[in-house]
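A.B. asks: First, the structure itself, so that you have it in front of you.
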Amino acid sequence: MRKVSVLAFLAWVSFLFYAGIALFTSGFLLTRLELTNQSSCHEPPGPGSLPWGSQGKPGACWMASHFSRVVLVLIDALRFDFAQPQRSHVPGKSPVSLPFLGKLGSLQKILEIQPHHARLYQSLVDPPTTTMQRLKALTTGSLPTFIDAGSNFASHAIVEDNLIKQLTSAGKRIVFMGDDTWKDLFPGAFSQAFFFSSFNVRDLHTVDNGILEHLYPTMDSGEWDVLIAHFLGVDHCGHKHGPHHPEMAKKLSQMDQVIQGLVERLENDTLLVVAGDHGMTMNGDHGGDSDLEVSAALFLYSPMALFSSTPPEEPVVIPQISLVPTLALLLGIPIPFGNIGEVMTELFSGGKDSQPYASALAQASALYLNAQQVSRFLSAYSAAAQDLQVKELNELQNLFIKASTDYNRLLQSPQGAETALQTLIAELQQFLRGARAMCIESWARFSLVRMAGGAAILAAACFLCLFASQWATSPGFPFRSLLLIPLAWSLAGAILYVGLLTVTRMKLDPVLLGAMAATGSLLYFLWKTWTGWGSKRPVTTLLPIPGPVLLFLLIRLAAFFSDSFVVAEARATPFLLGSLILFLVAQLHWEGQLLPPKLLTMSRLSSSAPTVPPRHTGTYALWLGVGLLLCTRLAGLFHRCPEETPACHSSPWLSPLASIVGGRDKNLWYGACVGSLVALLVAVRLWLRHYGNLKSPEPSVLFVRWGLPLMALGTAAYWALASGADEAPPRLRALVSGASVVLPRAVVGLAASGLMLLLWRPVAVLVKAGVGASRTRTVLTPFSGPPTSQADLDYVVPQIYRYMQEEFRGRLEKTKSQVPLTVAAYQLGSVYSAAMVTALTLLTFPLLLLHAERISLVFLLLFLQSFLLLHLLAAGIPITTPGPFTVPWQAVSAWTLMATQTFYSTGHQPVFPAIQWHAAFVGFPEGHGSSTWLPALLVGANTFASHLLFAVGCPLLLLWPFLCESQGPKKRRQSPGHEVEARIRSEEEEEEPLMEMRLREAPHQFHAALLQLGLKYLFVLGIQILACALAAFILRRHLMVWKVFAPKFIFEAIGFIVSSVGLLLGIALVMRVDGAVSSWFRKLVLAQQR
């Protein structure tokens, strides 16, 4: 079995999973059709004349304008309780003191002094609560779908009709200042703009200060009709410190002063709108649909009276998109074509002096215009997309026709119409709310065929991994047919799909193309399994997984169907891991394997019996288990609580050092972080030195000696700058800013250089050659002449290594050469593991930079926990020479479970609000410009760091038992006078164990073992994503589908992709080392023949 074939087979299996994930996702996370129709003043929204009060008035379009100017102040993440007026202190109860309460006092003051001029609403936001989607809703009046949350990285121009486009068409001068997201959403729409980078969540002041520099001068100039200011300080403060930090109080106080300044400058024809686009969680994040995230503040004020009544005791709750049709009609412009929001009727009451009948008629007219526009949109959308529910659509249209008839009748005979007006208003509101509810439900409809097809492909891929992992180590494994024939069937499936598209003239869908290719490639495997396996083997052999491990996997997968378990998975995973560790220890005790792995069958050319390793007692495995449980418990201290458990308190150690108030505590934690960094570096160097790989003069080893300390130094220096950047003296801030850019990039550059050197020269061994020794030493092989085939070379290589140890003792015959050649190679027995450990260390340092400083303690625990688990697993895995080599299922299950536990221990959760966006600015404090792939890559590396590290390190499960082979008898102590004699005697009596070189005695079995390990790993990961897909499919109408099951599926899908790529990279590295070892031996053999 060739190396390339192993990688190609694993890549094909991964492709099958990718195709299933893509097909399921296309049916589960649907996007709605975006219409490009535009509303126009010259085209009424419905048949007949415009409503009452719209004809013959200046500025009239669909309705006469109430204001000629508007100031829109958007305070990002302005949660409703940030602006909510504070109740009077009740005697006997201690007042609540939180940094974000009572800081917007100007709002409460205005509401008390001018109750008819202002109103505060609780704005109910539609998830996802990300900024780009909220801006889209606030300008179009429509609803973004769930999958649109991914577009928060890349904001594209809005093609739907929107307020900005209508204002521009009306000739309004729009001035914008603030978040540069608007530049991408509305390119060229502003008469004047001051954009500031929005993505650096660590920067609390640059955007806000830039706005304040231009805000008041622009207002005083009068050269504007619409002024938009988008402040980001509150949102960034939430991300960096959380809402309970004193910095939040400062930011809200600053916004309060801004509002006061604007109120003082407003004229009578100007409307002030202060709004939050979304809220934030108790941790300061957003993106989900928790109560705190979907609750935003909305404040309206005008110098002239707006409302006929005083504010209610409790603020009214309104949908956020209701602001869109309200602003459109107040400014005398058409409502955007795709709006489904409902006008806020209070603003059309005519003020406190208006008559009840006139006020009700104005409200009914605004609602009727709104209803005409929504009815027109539903008709156009249903004709274009045909995904609205026909029955509900007909019911709504009948309701609208009745309301329209009542409205026209009311205009013709207004006598005694006050009661009829209220009935009409109720009918129109019922229509508008019913239309919105229908759209929400319809745009959450699923394509059951695609979802079922995706789940079927995932299930078939899992079965492929399960059966192929059994066949991989058997001599008759049909490897070539299972790789080449499915490829031909895959091409046939793709050609068939393209042919169908050509006949039907339908648009090419890449997802369906990949699904057809995957299905075609699976047909041969399914047929081969049915005819060749299922008919000849008993049913029990179809499940090669041991019973206890199978039960463990079934329990874990069944738990994915419970929203409570998914929410509590961070706490359940350590328990499951601890249970599996105890099972492993008990299994070792029951099977009597509490000793290092021993050789079961000896090599064919071994001339001396191996030294039997000393047997360990039960305390060996017991201490390993205790150490693992302790590490698991310590890692659990770094936990992040989900939003659904308000009684839980997240670990304070997940926050960056910059959030710590107090220099002494910050210095102590910084010392602990640097100490963990040094401990990690020292542990890796000691491990390499223990196995002798640190003595090699290879470039990769020299990099480990000098490059790793430089990376650790750069990381520690960056942490120091990041934790104290706000406290730096003004004259040094430019230097600190520059160093914050250079240091992370230097560390990443060093890591990349180290990986390139490792790939170039991966064999970390010490080779010595000498001329003229006291005894003739040469390397002999059973072959005459150089190897003529790969089989000859594979047979020769382990014998060369075995006899290299003997050539120092003069046990081989003299050659015909006049000048004897002495060749020695040290520590080839750990050549594979040394390369793997070095690569994992080089990957760890860049990933550490993307996390908060104190997460370095978790990474140290990760390495220690992995080391202990590998030793525990190796204690129960016997080495069979010349094969087959097998990694048991319990080892693979424990490895994947530890990856999940590390995911939670690094402060992550499978929900969007828990994404650590600050990782996008490590090395790029000023943002990324127009680039979107780089910040997405950085945030993705931060989120799925544990998946990547454990997947790359997966081959260690196969290598570690060989590495743990006994090191032979210990040297006896000698007197100083007999040092030379002792050295000669040790050379004669000691024989270094082969360890990982035993894998080369059976290269076919070695490659088959790597393939089997990769298939087992993909199987365990695959059934997890299959369980998540089935849970989302079965529970698609569950109340928590978008809050729990959909995010879990998305995170598991991305995690699978990252893990599969990491697995391929890890196995490719082992293959590269194997190839380098073969090349090294080939040169040595050819040199001997000369």
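Just so you know, glycine gets a Cβ as well, placed from its N, Cα and C.
Note: TrEMBL annotation is automatic and uncurated.
Grabbed the feature section from TrEMBL, which reads as follows:
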COMPBIAS  976-986  compositional bias 'Basic and acidic residues'
REGION    968-988  region 'Disordered'
TRANSMEM  6-30  transmembrane segment
TRANSMEM  448-471  transmembrane segment
TRANSMEM  483-503  transmembrane segment
TRANSMEM  510-527  transmembrane segment
TRANSMEM  539-560  transmembrane segment
TRANSMEM  572-590  transmembrane segment
TRANSMEM  668-688  transmembrane segment
TRANSMEM  700-722  transmembrane segment
TRANSMEM  831-850  transmembrane segment
TRANSMEM  944-963  transmembrane segment
TRANSMEM  1017-1037  transmembrane segment
TRANSMEM  1049-1073  transmembrane segment
A.B. asks: Using a Cβ cut-off of under 8 Å, list the residues of the same chain at least 6 residues beyond the transmembrane segment (1049-1073) that approach it.
C.D. replies: 3, 6-7, 10-11, 14, 17-18, 21, 25, 28-29, 758-759, 762-763, 831-832, 835-836, 839, 899, 903, 910, 940, 943-944, 947-955, 959, 1010, 1013-1014, 1017-1018, 1021-1022, 1024-1025, 1028-1029, 1031-1032
A.B. asks: Cβ under 8 Å to the transmembrane segment (944-963), counting only same-chain residues 6 or more beyond its ends: which ones?
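C.D. replies: Residues packing against the transmembrane segment (944-963) from afar: 597, 691, 829-830, 832-833, 836-837, 839-840, 843-844, 847, 850-851, 862, 866, 870-871, 873-874, 877-879, 885, 887, 891-892, 895-896, 898-900, 902-903, 906, 995-996, 998-999, 1009-1010, 1013-1014, 1017, 1054-1055, 1058-1063, 1065-1067, 1069-1070.
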A.B. asks: Please give the sequence-distant neighbours of the transmembrane segment (1017-1037): residues at least 6 beyond its ends with Cβ less than 8 Å from one of its Cβ atoms.
C.D. replies: 10, 13-14, 17, 20-21, 24, 28, 446, 451-452, 454-455, 458-459, 461-462, 465-466, 469, 553, 556-558, 560-561, 563, 892-893, 895-896, 951, 954, 1045-1046, 1048-1049, 1052-1053, 1055-1056, 1059-1060, 1063
A.B. asks: Could you name the stretch, out of 448-471, 668-688, 831-850, with the greatest number of CB pairs under 8 A to the transmembrane segment (510-527)?
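C.D. replies: Comparing 448-471, 668-688, 831-850 against the transmembrane segment (510-527), the winner is 448-471.
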A.B. asks: Below 8 angstroms Cβ to Cβ, which residues of this chain, lying six or more residues outside the transmembrane segment (668-688), approach it?
C.D. replies: 657, 660, 694, 701, 704-705, 708-709, 712, 715-716, 719-720, 723, 764, 834, 837-838, 841, 844, 848, 853-854, 856-857, 859-860, 863-864
